[in-house]
């Protein structure tokens with residue numbers, strides 16, 4: 001009795017392994033869907049689908065927030081498709097900041113390569129967890145929670161970022177409030193800011209209304 005059962009389990013195990021694909025390189029010529037991009041035909045897959053070099057190049061921090069994010073998501077790095085992870089490079093000039101934002105689809109881990117970065121997140125219970133990080137430090141931001149990074153040092157900061165999704169998503173709080181056409185009076189009511197502050201921020205971030 002025991003041996004037949006073991007034999008059946010071994011067959012099931014072999015069958016499940018046989019059905020598992022080694023990878024599913026994204027076919028970027030087809031539309032993305034909830035489960036990711038369709039797989040490129042194996043005959044068209046090359047080693048270049050599994051190699052990405054842009055994270056070795058510093059981003060342009062000559063902008064309002066003095067920061068640059070270089071993503072390595074599926075759209076840039078097709079070999080990540082279906083693997084449940086992605087990467088990014090964050091460059092922060094002196095005084096640079098990544099404002100409060102969330103990644104709805106991923107946890108995030110940062111590793112400070114150089115500089116001094118103050119980073120933190122806010123829990124759903126409004127508890128705040130923040131710390132000044134130095135070279136070699138790592139910090140985690142749980143999925144969906146508001147978090148931020150600020151260059152609090154006197155030199156350029158460089159951070160490597162890992163996400164638990166090939167498409168983590170992004171919503172920046174300041175841009176969500178002030179970079180669109182949501183009427184100012186509604187922004188004022190929901191944020192308790194006065195009219196002058198809201199119009200100033202809309203002007204800075206390109207919003208209307």
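Yeah, the Cβs are placed from backbone N, Cα and C, and that goes for glycine too.
Just so you know, TrEMBL annotations never went through curation; they're auto-generated.
The following features are taken from TrEMBL:
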- 1-18: signal peptide (SIGNAL)
- 24-39: disulfide bond (DISULFID)
- 53-199: domain 'Cupin type-1' (DOMAIN)
- 101, 103, 108, 147: Mn(2+) binding site (BINDING)
- 103, 108: oxalate binding site (BINDING)
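Other residues of the same chain near the Mn(2+) site, with their Cβ within 8 Å of the Cβ centroid of 101, 103, 108, 147, are 102, 106, 121, 141, 145, 146, 168, 170. A distance of 30 Å separates the Cα atom of residue 101 (Mn(2+) binding site) from that of residue 24 (disulfide bond). For residue 24 (disulfide bond), the same-chain residues lying six or more positions away in sequence with a CB closer than 8 A to its CB are 36, 39, 81, 82. The local packing around residue 39 (disulfide bond), expressed as other Cβ atoms within 10 Å of its Cβ over all shown chains, amounts to 17. Counting every protein chain shown, the number of other Cβ atoms lying within 10 Å of the Cβ of residue 147 (Mn(2+) binding site) is 22. Considering only the binding-site residues 101, 103, the Cβ with the fewest other Cβ atoms within 10 Å is that of 101. The domain 'Cupin type-1' (53-199) scores a mean pLDDT of 95 in the predicted structure. The C-beta environment of residue 108 (Mn(2+) binding site), restricted to residues of the same chain at least 6 apart in sequence and closer than 8 Å, consists of 140, 141, 143, 147, 161, 162, 163, 164, 168.
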